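Trainee: A single structure is presented below for examination.
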Amino acid sequence: MSKAGITVATADPPAPAVRPLPRRRGIELALIVVAVLLSVYGYCAVGLAQHGTLPPGAAGYGAGLGVLALLAHLAVRLRAPHADPLLLPIGVLLNGLGLVLIYRLDLETPGDRAAPAQLVWSTLGVTLFILVVLLLRDHRVLQRYTYVCVVAVLVLLTLPILFPAVNGARIWIRIAGFSIQPGEFAKVLLAVFFAAYLAANRNALAYTGRRIWRFQFPTGRVLGPIVAVWLVSVGVLILERDLGTSLLFFGLFVVLLYVATGRTGWITVGLLLATLGAVAVGRLEPHVHSRIETWLHPFASVEAGEGPNQLAQSLFAFAEGGFLGTGLGLGHSVLIGFAVKSDFILATAGEELGLAGLSAIFVLYGLLVERGYRAGLALREPFGRLLAVGLSSLVALQVFVIAGGVTGLIPLTGMAMPFLAQGGSSVVTNWAIVALLVRVSDSARRQHDGQETP
Amino acid sequence: MTRHIRHAGLFCALLLVALLLNAARVQVVQAPLYDGHPANRRPEIARYEQPRGNILVGDRPITGSQDTREHLRYERTYADGPMYAPVTGFASQLYGTTLLEHTEDGILSGSHPMLAPFPLWNDFTRARNAGGNVVTTLDPAAQRAAYQGLAGRKGAVAALEPSTGRILALVSAPSYDPQPLSGNGAAAARAWQRLNADRDRPMLNRAVRQTYPPGSTFKIVTLAAALDAGLVPDLDKPTDSPDAYRLPRTRTRLSNYAKGCADASVREAFVFSCNTVFAQLGVQVGVPGMTAAARSFGFNDRALRIPFAVARSTFDTSLDQAQLALSSIGQYNTRATPLQMAMVAAAVANGGQVRDPYLVERTTRPGGSTLATAGSRPIRQAMTPATAARLRGLMLGVVRGGTGRNAAIRGAKVGGKTGTAQHGIGNSGTPYAWFVSWAQGGRDLQPRVAVAVVVEDADANRGDISGGGDAAPIARAVMEAVLKSRDRLPGS
């Protein structure tokens with residue numbers, strides 16, 4: 001095991017520049033047009049199903065989304081012409097679909113409209129995307145800000161402690177009527193920090209330290225800081241009862257550590273720690289305990305005469321969808337209750353688009369992750385590779401944790417479905433992730449072309 | 001590093017596969033389980049998502065649907081709710097459905113497969129059919145006459161068309177308005193509690209779900225059995241019966257409320273309702289003969305549906321002689337629904353044939369095209385046509401010069417029979433006043449209507465007079481309404 005690790009870690013074979021990768025900006029534009037049209041179509045379908053007429057704002061909505069997507073495309077064309085042509089269209093489609101679903105649910109809750117705010121946040125997100133693509137000329141610049149990132153992560157994570165809890169979790173801060181979830185921003189910064197730190201210290205992590213029985217442990221001096229940062233983050237999150245994000249951070253840490261050092265041992269240690277942590281938290285913390293109970297017995301509340309809980313309602317929604325779904329605007333996922341537009345947005349997709357639509361959404365996320373990994377593979381410097389893998393894994397883990405939660409695969413942890421769910425911080429963060437992936441993939445494919453990175 | 005990135009990528013792919021497999025499990029494999037889960041409200045929401053089909057009397061809907069814009073969107077409304085409640089029942093989002101709303105629910109709610117444009121079409125499109133309509137056999141004028149006739153009193157009316165079994169009127173009083181029960185809010189719950197707590201039991205359908213001792217009206221059955229058995233060769237010959245008849249093998253003496261019953265002829269005994277003569281006749285017919293006759297009229301039939309179930313009218317089949325004597329004058333364990341007694345009158349009117357009564361003339365698609373019509377009903381021969389003819393003559397005599405004079409209609413042949421039924425411990429209850437009758441208009445070829453009326457809180461003045469005094473006018477009003485509405489009714 002260690003022998004193979006050495007080979008791989010010391011001498012990555014240079015990616016052979018056999019044939020230059022085409023830029024494919026035209027394909028990106030075509031895909032963006034398709035994504036916008038699909039979203040507008042969904043918007044119209046909802047209006048037709050609910051009122052029998054085209055919704056009045058359909059043209060405006062389409063134009064708005066179209067202009068945003070076009071601007072983002074122009075930015076990519078200008079500053080990242082070699083970027084992967086799938087990343088941006090997937091972002092546009094998922095965000096557009098999310099807006100359609102939220103608009104659709106707004107119709108059932110006239111007192112609580114979320115789509116307009118989500119549209120504003122999406123605009124902010126795309127703006128951030130454009131800024132990152134325009135201003136960040138080379139992702140390696142981020143390596144310089146390793147420690148700035150750490151400080152920012154810790155500040156962002158601790159801020160919400162000063163604010164009152166919402167629905168049992170202390171993860172929001174409220175400023176001037178807007179609520180922001182700083183943990184969302186923290187995860188990108190944490191990915192940058194992990195990538196930068198591990199890229200700088202991976203040799204030390206892999207080859208120094210003590211050997212205990214069959215495992216070789218790195219020295220505390222190298223491992224210490226990163227474990228400390230991670231422990232503090234997760235500790236704070238547990239204090240704030242944000243289990244989804246702590247699980248995400250844990251997963252991110254283990255994946256990056258494994259990729260950086262090439263040690264299977266980290267996975268073993270990680271799994272051990274995860275099991276221990278899960279058992280401990282599940283036993284001791286009532287909030288978590290109840291979620292595990294709900295997961296094991298989703299209909300216990302019905303038997304107790306309290307009516308179906310959110311998970312049961314979510315399962316009913318998915319089941320109602322069946323293979324082809326009820327059609328946009330024709331389901332009753334609003335029965336799920338207050339989290340239907342955020343944590344449970346996927347249930348609406350499952351009910352109204354069916355297994356077919358849900359699978360398509362999963363495949364879109366899968367493609368996004370795959371393109372990220374591909375960029376990571378194509379790059380040759382470790383920071384870029386770890387950054388691409390880290391950001392992609394963030395998306396993959398998040399999708400798995402939340403989608404697995406609402407479909408009863410794993411216990412439910414409150415988290416936002418990337419791009420789909422209501423939540424400004426989440427949308428903005430995910431656009432930042434896509435922007436960084438665009439940047440990284442631009443470098444990767446340019447390198448592949450045999451050109452020098454600027 | 002490349003290899004480990006690939007491993008990590010593989011891990012992400014595994015996560016994706018797990019999600020897809022689990023989604024398929026929930027949405028396809030487990031879906032029937034979740035769809036059918038009692039806590040899943042979707043079937044209920046779908047059910048109330050569209051207006052319910054209507055129940056029609058004549059051409060006019062007596063029900064409607066109201067868009068509440070709530071989650072369970074459409075609620076039932078009723079025109080003349082209390083008048084038609086014994087027919088429609090209620091359709092409540094909280095308490096389910098009863099009577100026609102219940103038995104015809106598939107048509108009304110649109111879930112009946114016959115409403116689909118093509119077989120399996122809805123399974124594919126997930127569309128829901130609009131509800132169809134149910135056209136009743138009721139005659140609105142007769143229903144109104146019966147309802148207004150009972151106003152303020154406890155009782156029931158059932159009216160039939162003798163030749164077909166179509167139910168023309170079905171009224172129970174006191175009644176209730178089903179509309180407040182339609183919704184699912186606190187108001188519906190309050191209405192439900194109030195109606196259930198009401199000592200007058202307004203939700204009891206007395207016309208078909210309550211049995212009463214039929215009293216003297218049962219003498220029609222006894223006499224039909226005796227005539228068919230050949231026990232009465234001459235209606236006008238004295239019967240050699242004492243006034244105050246000692247029940248066989250007892251010391252109990254049965255007396256008459258009417259005068260001049262000693263040694264009366266069968267005709268006199270029928271017209272003035274002598275208990276003694278009929279108790280003696282019943283004993284002469286014997287238990288097998290009486291039970292067979294009662295059964296042929298529809299007693300002891302558990303299966304009668306119109307289409308909702310009708311309570312079983314009973315004639316005890318294991319009786320001693322004294323019990324048989326009492327049973328033959330509609331006492332002891334003999335009990336009948338008003339509908340059953342209307343069937344008895346209808347059998348006399350219809351040449352001895354009884355047809356099972358029915359309430360649904362036809363069902364239609366939402367557009368009005370016919371979905372199904374009432375099929376032919378079973379016929380039973382309750383007595384020979386000759387016996388029926390003799391009984392018609394006797395019943396005419398009751399109205400012409402006997403206890404049922406209050407039912408006479410100018411220009412029409414009306415036959416009737418009064419009854420007063422004792423009940424309660426030691427006959428302590430206020431007797432039930434009965435009147436069963438049929439009527440034939442001046443230009444009709446056959447009797448057009450048979451009616452049974454029971455009034456629970458009749459004037460306490462004991463005797464058959466109360467049947468003639470309280471119940472006969474109501475029966476007359478119903479019969480008049482039917483005879484007059486002949487030209488207005490479609491298809492008759």
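Backbone N, Cα and C atoms are what each Cβ position is placed from, and that goes for glycine too.
For reference, TrEMBL lists these features for the protein:
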TRANSMEM  A:29-48  transmembrane segment
TRANSMEM  A:54-74  transmembrane segment
TRANSMEM  A:86-105  transmembrane segment
TRANSMEM  A:117-136  transmembrane segment
TRANSMEM  A:145-165  transmembrane segment
TRANSMEM  A:185-201  transmembrane segment
TRANSMEM  A:222-239  transmembrane segment
TRANSMEM  A:245-261  transmembrane segment
TRANSMEM  A:266-284  transmembrane segment
TRANSMEM  A:344-365  transmembrane segment
TRANSMEM  A:386-410  transmembrane segment
TRANSMEM  A:416-438  transmembrane segment
Trainee: So, taking each listed stretch (A:54-74, A:185-201, A:245-261, A:386-410, A:416-438) in turn and counting its Cβ pairs to the transmembrane segment (A:117-136) that are under 8 angstroms, which one gives the highest count?
Mentor: A:416-438
Trainee: Counting a contact as 3 or more Cβ pairs under 8 Å, with residues at least 6 apart in sequence, do the transmembrane segment (A:386-410) and the transmembrane segment (A:245-261) touch?
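Mentor: Yes, the stretches contact each other.
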Trainee: Considering pairs 6 or more residues apart, do the transmembrane segment (A:145-165) and the transmembrane segment (A:222-239) have at least three CB pairs under 8 Å?
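Mentor: Contact between the transmembrane segment (A:222-239) and the transmembrane segment (A:145-165): present, because at least 3 Cβ pairs are under 8 Å.
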Trainee: Is the transmembrane segment (A:344-365) in contact with the transmembrane segment (A:86-105), using at least 3 Cβ pairs under 8 Å (sequence separation of 6 or more) as the test?
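Mentor: Touching, yes - the transmembrane segment (A:86-105) and the transmembrane segment (A:344-365) meet the threshold of 3 or more Cβ pairs under 8 Å.
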Trainee: Cβ pairs under 8 Å with the transmembrane segment (A:29-48): which stretch of A:54-74, A:185-201, A:344-365, A:416-438 has the most?
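Mentor: Top-ranked stretch among A:54-74, A:185-201, A:344-365, A:416-438: A:54-74.
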Trainee: Could you check if the transmembrane segment (A:185-201) is in contact with the transmembrane segment (A:344-365), meaning 3+ Cβ pairs under 8 Å among residue pairs at least 6 apart in sequence?
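Mentor: No; fewer than 3 Cβ pairs under 8 Å.
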Trainee: Please identify the stretch among A:54-74, A:245-261, A:344-365 with the greatest number of Cβ pairs below 8 Å relative to the transmembrane segment (A:222-239).
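Mentor: Highest pair count goes to A:245-261.
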Trainee: What same-chain residues lie close to the transmembrane segment (A:245-261): Cβ under 8 Å, and 6 or more beyond its ends?
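Mentor: Sequence-distant neighbours of the transmembrane segment (A:245-261): 5, 9, 171, 183, 187, 190-191, 194-195, 198-199, 202, 205-206, 226, 230, 233-234, 237-238, 267, 270, 273-274, 277, 382, 385-386, 389-390, 393-394, 397-398, 401, 413, 415.
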Trainee: Go through the chain and flag residues at least 6 beyond the ends of the transmembrane segment (A:54-74) whose CB is under 8 A from any CB in it; none is fine as an answer.
Mentor: 25, 28-29, 32-33, 35-37, 39-40, 43-44, 46-48, 88, 92, 95-96, 99, 119, 122-123, 126, 129-130, 133
